[in-house]
Ligand code: CP3
């Protein structure tokens, strides 16, 4: 990190250190709301972009330049490492991940290979190295968590009910845990290689695990999540767990997790989220992304409310409660980022004068 203009607010907030203004970034900040990104997508699919490190780095940089956010998130997808373990998939426009041969048998699980990031995901590691050289904000890399990835591998495509996933969980716990073990190993190996190649923080996306009851989460999923974070505890980068949408009831179960930050969705307030998690974690979130369809005055009012709660103690990162959607407005996002920076810098300097 030779760059003296390096903006480390995001890393400081992850570690619950004081900041002069709140750091902000947005989940899915590289995406179709940006006309420049849509232009790239006219020529290449998501997976084709990922295979071209210079282009993937450029797409990662677009929102950093345009929005003025305090962190970059690698342009990739949670499905990328599964090709390496032997799964044939595609990302279909306006649908999401689609699997050629959904996992339904023990033989299919036994056939899954260990991931080899250097051999199979070299293009992604190269993108990380390029970004490490070019960025003056921290690069966040990520992986999909085992439940969320398993939901695609088993259902074969995005689902609302997760019926095949839950059927395997309840009917064949032997298969379920064998799959969790393999995906847990894949995720831990892949995240480690991301950090070794220059990422400054990582987020484990468990977007759909909120579909489970707290008891099922604890029995069928949490042991693997705890194992992943424990196995990476030697890495000196902030580690974020995002338990996805509707995950408020799961928060009290996370107290043993060796993560630094937990992402909240908008159904639980920052205050209540902190209460449920305990004091150890920094929190990240949690503006309802669909609020961005409203007028700027309403967006600012809600952002101010969230920031006032977040700034009550160190360890808060402004974000959405889930990813940006294609209809979001670039202009409103830019204004929101500016507003978060301005409002929080005033509020935090007034606060430091008080003491
Ligand atoms: O945040 C970023 O800007 C980094 C890029 C990123 C993508 N996917 C690129 C992408 C990240 C962090 C992801 C994670 C991801 N992928 C998650 C977890 C986050 C979440 O939203 O909960 C999940 C569940 C996936 C699986 C997936 N990939 C879905 C459900 C879709 C949407 C399908 C669609 O067309 O709307 C994708 C495709 C995808 N991944 C897009 C992008 C920018 C949109 C399609 C495209 O531009 O080609």
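Every residue, even glycine, has its Cβ placed from backbone N, Cα and C.
Database features, via TrEMBL:
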type: BINDING; residues: 28, 29, 30, 31, 32, 77, 152, 207, 322; note: substrate binding site
type: DOMAIN; residues: 23-32; note: domain 'Uroporphyrinogen decarboxylase (URO-D)'
type: SITE; residues: 77; note: site 'Transition state stabilizer'
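Positions of TrEMBL features highlighted on the structure.
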residue : record                             : DSSP class
28      : substrate binding site             : coil
77      : site 'Transition state stabilizer' : coil
152     : substrate binding site             : helix
322     : substrate binding site             : coil
How many other Cβ atoms sit within 10 Å of the Cβ of residue 152 (substrate binding site)?
25
Using a 10 Å cut-off on Cβ-Cβ distances across all protein chains shown, tell me which of the binding-site residues (28, 32, 322) has the largest neighbour count.
322
Radius 10 Å, atoms counted are CB only; among the recorded positions 30, 77, which position scores highest?
30
Cα distance (Å, whole number) from residue 77 (site 'Transition state stabilizer') to residue 322 (substrate binding site):
15
Between residue 152 (substrate binding site) and residue 77 (site 'Transition state stabilizer'), what is the CA-CA distance rounded to a whole number of Å?
13
Integer Å distance between the CA atoms belonging to residue 77 (site 'Transition state stabilizer') and residue 28 (substrate binding site):
10
How many Å separate the two farthest-apart Cα atoms among the substrate-binding residues 28, 29, 30, 31, 32, 77, 152, 207, 322?
22
Any idea what the model's mean pLDDT is for the domain 'Uroporphyrinogen decarboxylase (URO-D)' (23-32)?
96
